[in-house]
Amino acid sequence: MLRAASNFRAVANREFACAKRQLSKTTRKNATAAATRPGVPRDEREGKEIYTTVGIDHNEPKFDKILIANRGEIACRVIKTAKAMGIKTVAVHSDVDSNSLHVKMADEAICVGEAPTAKSYLRVDRILQAVEDTGAQAVHPGYGFLSENTKFAAELEKAGAKFIGPNSKAILDMGDKIHSKKIATAARVSMIPGYDGEIPEEDFCVKVSREIGYPVMIKASAGGGGKGMRVAWNDKQAREGYRLSKQEAASSFGDDRMLVEKFIDNPRHIEMQILCDKHGNALWLNERECSIQRRNQKVIEEAPSSFVPPEMRRKMGEQAVQLAKAVGYDSAGTVEFLVDSQRNFYFLEMNTRLQVEHPITECITGIDIVQQMLRVAYGHSLPLTQEQVPLNGWAFESRVYAEDPYKGFGLPSVGRLSKYVEPRHVDGVRCDSGIREGSEISIYYDPLICKLVTHGDNRQQALDRMQEALDNYVIRGVTHNIPLLRDIVQEKRFRSGDITTKYLPEVYPEGFQGTVLTHAEEKTVIAFAAALNARKLARANQFLNQNRQRSTHVASFSKTYKFVSSLPAKEGQRPTEHAVEVSFVDGDANKAKVSIGGKVIDISGNLSLSLPVNSIEVNGEHITTQIVGKRAGEITVLYKGTPFKVQVLPEQAVKYLQYMKEKAKVDLSTVVLSPMPGAIKNVNVKPGDMVSEGQELVVMEAMKMQNSLHAGKTGRVKAVNVKVGATVDEGEVLVELE
């Protein structure tokens with residue numbers, strides 16, 4: 001796989017102001033792209049990339065300028081390819097995104113409104129005005145937002161600009177899940193049993209669900225990305241699922257039509273990437289496995305799938321192409337299938353856009369999908385035949401989110417990235433991101449930080465590289481889901497390929513609790529923390545004596561330092577305390593012998609508390625750790641993705657701990673707290689109402705997802721502290737019970 005590179009001149013920073021309800025425009029200096037060899041370039045900030053082995057013909061006719069109607073990582077991704085092809089780029093942004101990376105990377109930038117997507121990125125009129133003002137010849141919609149909006153595609157065509165995606169009729173045919181099922185059936189694509197029509201209200205939803213037979217999947221006809229979807233196992237869940245999904249669909253897509261189909265228990269989610277042009281050519285670019293999901297949203301994807309043999313791959317690909325040709329498809333798209341344990345596959349939906357997880361297909365085929373979208377939109381034919389599409393190695397994508405994985409596998413988090421270092425130095429790593437150190441993760445948009453991609457000669461190598469990359473990924477300032485990702489990639493079932501869409505609840509039935517360490521690993525973490533503390537004390541002892549001569553150094557690092565250390569215990573248990581002794585080998589501050597429980601552990605490396613990443617040797621084995629917290633008597637060590645608070649106290653300090661009172665635990669069953677920042681959509685109770693345990697009290701929306709908040713006990717409502725439309729912070733008390 002070639003790793004293409006080029007250097008871009010630095011672009012001067014510019015502030016972009018956005019007047020309320022008014023379109024404003026700012027043009028920046030052009031950035032220069034000089035590709036040193038075929039492929040997609042990088043700028044100096046980005047390090048090495050993995051995109052494509054297909055070259056760029058700079059003599060081929062192309063667009064002069066395109067506008068990217070999106071934000072974040074996907075806008076940056078499109079800009080990179082456009083620049084490599086010599087195409088100028090225009091970014092659009094909301095007022096809060098004025099200093100975002102995609103704005104800085106583009107040649108021009110236009111502010112299209114306020115932070116809420118409905119007032120900016122979804123404003124078709126303002127995007128069209130930006131196209132006219134900048135003279136952009138075409139628009140790439142990315143994914144989400146307007147990417148599957150037929151009105152937008154049609155309006156662009158009327159305005160004389162190209163939509164870098166499929167024609168509006170294909171979007172309409174495939175975007176409506178009810179209509180797309182009928183087309184897929186006619187195209188002889190394998191189908192899931194279900195009701196072929198719109199579900200108008202709750203009672204009818206229950207009636208249809210009973211006829212199909214529980215469990216059923218209730219989902220939005222215009223949906224995607226896991227939004228507007230619920231699984232129901234009984235009448236009660238069908239009613240609630242219908243109502244919540246309908247509200248979510250209206251909010252996310254502006255279309256609340258619902259459908260119901262049979263839910264296939266324990267399926268795999270496998271999709272086929274397709275690429276079509278306007279000359280009747282259509283290719284399938286092999287499959288991606290997307291079974292690791294939470295709330296119907298993908299967490300880790302891989303390509304190819306370990307479950308799909310060559311003949312099945314061919315059949316899935318051929319059916320995907322049959323469907324594409326049936327609707328006159330003419331761009332990149334994805335046909336999604338559910339696959340049962342017997343390798344029967346059923347059509348799920350077609351995404352008429354560039355898929356989030358497209359990078360792993362690019363890694364195994366060497367085809368830059370964005371490049372081909374730009375070529376096809378201009379009118380060129382595809383450069384390959386089906387026989388020329390390769391399958392080289394294996395690739396994984398981990399979606400790194402600003403989410404708390406300990407809360408429902410990932411409740412969104414907000415904040416500013418105070419420290420941010422991507423692991424681009426690791427072999428076979430690609431990082432698709434739209435943020436940088438100092439960027440803000442807000443409540444208005446998807447909390448995706450980065451798509452971390454690794455490629456290897458085989459599945460094992462790609463997984464090992466992912467493990468190393470996650471260990472070296474430095475993120476401070478926001479809560480993130482790397483602990484969950486890191487635990488998954490080392491978990492036995494996942495590494496063997498034994499996965500379904502139920503993987504997360506089956507492997508983590510009580511929710512994600514963090515990586516469980518073996519006794520040997522516990523001692524490794526404790527020994528490392530003790531060695532760090534001993535080095536800190538030794539250096540402090542040097543400064544007690546103002547004589548900086550070598551003799552002082554030797555004395556400080558020749559002592560044996562004694563501690564009592566422990567890791568947090570499970571609730572209701574006392575932590576196991578370990579007597580630890582640390583000595584330095586020949587006075588070397590970076591070579592320590594740690595005695596713990598009668599076992600000696602040799603640790604070497606840069607034993608510094610100030611490094612973002614510590615790469616060390618423990619008894620000759622290489623491990624990577626991070627120090628993510630420091631306070632008196634405690635060091636928080638990030639090991640295998642999970643933070644562990646290690647208590648490291650001098651012996652004399654331990655005796656005083658018995659006099660320290662523990663904090664009284666707060667009874668949280670009497671209050672309903674906001675689990676994250678967001679907006680209140682529904683309040684279902686008022687003061688004085690009697691409620692039962694588990695009853696829905698409040699519905700809130702954050703980062704385009706609706707969350708139902710329930711009573712923690714049976715009782716009377718004492719106070720309701722919020723109203724519909726209110727914006728709340730994490731931990732805010734919404735409802736109080738007596």
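Every residue gets a Cβ built from N, Cα and C, even glycine.
Residues or ranges marked as domain 'Biotin carboxylation' by Swiss-Prot: 62-509.
Here Swiss-Prot flags K177, 209-270, N296 as ATP binding site. Taking a C-beta cut-off of under 8 angstroms and a sequence separation of 6 or more, E240 (ATP binding site) has the following same-chain neighbours: R230, A232, E696, S708.
What Swiss-Prot records for 181-378 is domain 'ATP-grasp', and it gives sequence analysis as the kind of evidence.
DSSP assigns E349 (Mn(2+) 1 binding site) to a strand. Counted within 10 Å of its Cβ, the other Cβ atoms near E349 (Mn(2+) 1 binding site) come to 20, all protein chains included. Annotation source Swiss-Prot lists Mn(2+) 1 binding site at E336, E349.
Look at Swiss-Prot and you will find E349, N351 tagged as Mn(2+) 2 binding site, backed by sequence analysis.
The biotin binding site annotation in Swiss-Prot covers F409 and rests on similarity to another entry. DSSP assigns F409 (biotin binding site) to coil in the three-state reduction, placing it in neither a helix nor a strand.
Mean pLDDT for the domain 'Biotinyl-binding' (663-738) in the predicted structure: 87. Per Swiss-Prot, domain 'Biotinyl-binding' is recorded for 663-738.
Annotation source Swiss-Prot lists N6-biotinyllysine at K704, citing similarity to another entry.
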For D256 (ATP binding site), nearby residues of its own chain (Cβ under 8 Å, 6 or more apart in sequence): A220, K246, Q247, A249, A250
E248 (ATP binding site) in three-state DSSP notation: helix
Binding-site residues listed as V216, A232, least Cβ neighbours within 10 Å: A232
Cα-proximity to E349 (Mn(2+) 1 binding site), 10 Å cut-off, over binding-site residues K177, E248, I264, F409: K177
Listed binding-site residues V216, E248, I264, F409, filtered to Cα within 10 Å of N351 (Mn(2+) 2 binding site): none
Nearest of the binding-site residues (K177, V216, E248, I264, F409) to E336 (Mn(2+) 1 binding site) - Cα to Cα: K177
Cβ neighbours of I264 (ATP binding site) where a neighbour is any other Cβ within 10 Å: 20
Euclidean distance between Cα atoms of F409 (biotin binding site) and K177 (ATP binding site), Å: 28
